[in-house]
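A.B. asks: One structure coming up, written as structure tokens, with questions to follow.
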Amino acid sequence: MPRTYDEECSYIERITDVVYRIKKGFVPNMNVEGRFYVNTALEKLMFEELRNACRLDGIGGFLPAVRQIGNVAALPAIVNASIGLPDIHSGYGFAIGNIAAFDVSDPDAVVSPGGVGFDINCGVRLIRTNLSEKDVQPVKEQLAQSLFDHIPVGVGSKGIIPIGAQQFEECLEMGMDWTLREGYSWAEDKEHCEEYGRMLQADAAKVSPRAKKRGLPQLGTLGAGNHYGEVQVIDEIYDEYAASRMGIDRLGQVCIMIHCGSRGLGHQVATDSLVVMEKAMKRDNIIVNDRQLACARINSMEGQDYLKGMAAAANFAWVNRSCMTFCARQAFAKVFNTSPDDLDMHVIYDVSHNIAKIEEHLINGRPKQLCVHRKGSTRAFPPHHPLIPVDYQLTGQPVLIGGTMGTCSYVLTGTEQGMNETFATTCHGAGRALSRAKSRRNIDFQEVLNKMQAMGISIRVASPKLVMEEAPESYKNVTDVVNTCHEAGISKKSVKLRPIAVIKG
């Protein structure tokens, strides 16, 4: 007999103003507790989703995010807690915005493609300029068009980077070292990139021919969905020192944000691995609450193959963002009739939102190697962490939070408390509140475009019909999400940006 909504809620208790705990027993076989971060506005959405699920009694595609946090807590060798961030919403296997870490030294520890997501290393890059809003306003339409012309966008968009099959293998294994060699990146771009733009364990041989076939023509393309390129201006500075380390020194300063991932290649790597892992689960007798949580032991051949293929897809995404940076620099140079160098178009940082990595964390005061799954969440290392660039040693790692189309974005920095509480992880964006299908039914695309224009935002869209899926009404309020993380102490607000021009797939 399924439990009622009130019975479900008896397993969930508030710890602080912004943190809830999910007690063991909420779903079967939980090895650790669950925990999620929400403020009052976001809490309503979380519990509403659970209430609807109790009413429907499991009819429909996705489980509510709270239950997904519980199911992840039942995975073998999970450490501390299964954690949900304020932008959490239901996804495949893991909710998007769910983090989990597994002890690599435990022979039962697993890696799960559902804990990374289909768009491997979907992420965000922020580039600064020395321009001010007043420099851009007179040529804003021209600039939006120039970016749209330079960056291939849309569902079936083909790349403009000439590349053969042999070079493609190199690009999968070398990541940004490849774009540096080919002249698409500046040497210092790599310094300001998570993993320095290259995961060393990548092995192109672990990426199927079908995945390569899908990825090859898409190099340097934006794709559709929630991916975008935005020209933004600095709207507020909360932490002047951190902002100055990032090269942000005034309100109205112009930046470019690029949000994209590994396109069809990453999707295929995930799909291929799920098939293989189902077999490995039968062989190793791994039992999970939800078959979407297909996984393999980290130290098994299947687990290692997935991590190597995932790393190659992650490298592809960094190459992708680097090629788009190259295109954006060209677009700006053309409109302002000067060089990208003279426009000071340096990368502030580049972060990944969907990835699994082996990292060292303190568990009960002892350093442990953990496989941290971050799906729809961002690494946020604290000040003095050895893996962040020299420029940010005193501020903590920059964390880039993209808003939704036409809403503000944020730059945060990592904190020591986040290191201790959430495996140095914080939110990644607004998080969906309406499914894509609901958005298409309820929102008119022309209305969305008109609203953007009324806000003074120039927009270029390859597939206007997809715009309503990404309308601000489809998402949670990004300010609520960021403020919840700030209040919880797992990241700290530095800068707020607002868009003045958007290009979308």
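Every residue gets a Cβ built from N, Cα and C, even glycine.
According to Swiss-Prot, the record shows the following:
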type     : residues                                       : note
ACT_SITE : H428                                           : active site, GMP-histidine intermediate
BINDING  : D119, C122, H227                               : Mn(2+) 1 binding site
BINDING  : C122, H259, H353                               : Mn(2+) 2 binding site
BINDING  : 226-230, 353-354, 402-405, S409, 428-431, K504 : GMP binding site
A.B. asks: Give me the long-range Cβ neighbours of the residue listed as 'active site, GMP-histidine intermediate': same chain, 6+ apart, Cβ under 8 Å, in sequence order.
C.D. replies: L85, D87, G97, H353, G376, S377, T378, I401, G402
A.B. asks: Taking only same-chain residues 6+ apart in sequence, whose CB is under 8 Å from that of G229 (GMP binding site), what do you get?
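C.D. replies: L147, I151, V153, L222, I256, M257, I258, H259, M324, A328, V502, I503, K504 - these are the non-local Cβ neighbours of G229 (GMP binding site), listed in sequence order.
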A.B. asks: Sort the binding-site residues N226, N354, T404 by C-alpha distance from C122 (Mn(2+) 1 binding site) and give me just the closest.
C.D. replies: N354
A.B. asks: What other residues of the same chain, not counting C122, H259, H353, have a CB atom within 8 A of the CB centroid of the Mn(2+) 2 site?
C.D. replies: D119, N121, G123, V124, N226, H227, C260, G261, S352, N354, G402, H428, G429
A.B. asks: So among N354, T404, G431, all listed as binding-site residues, which is physically nearest to H227 (Mn(2+) 1 binding site)? Use the C-alpha atoms.
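C.D. replies: Comparing Cα positions, the closest of these binding-site residues turns out to be T404.
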A.B. asks: Any same-chain residues 6+ apart from N354 (GMP binding site) with CB under 8 Å of its CB? Would you list them in sequence order, or say none?
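C.D. replies: Looking at Cβ-Cβ distances below 8 Å from N354 (GMP binding site), excluding near sequence neighbours, one finds V116, G117, D119, I120, N121, C122, G123, G261, R374, K375, G376.
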A.B. asks: Which ones in the same chain are close to G431 (GMP binding site), with CB under 8 Å and 6+ residues apart in sequence?
C.D. replies: P86, D87, I88, H89, I96, G97, G376, Y475, K476, V481
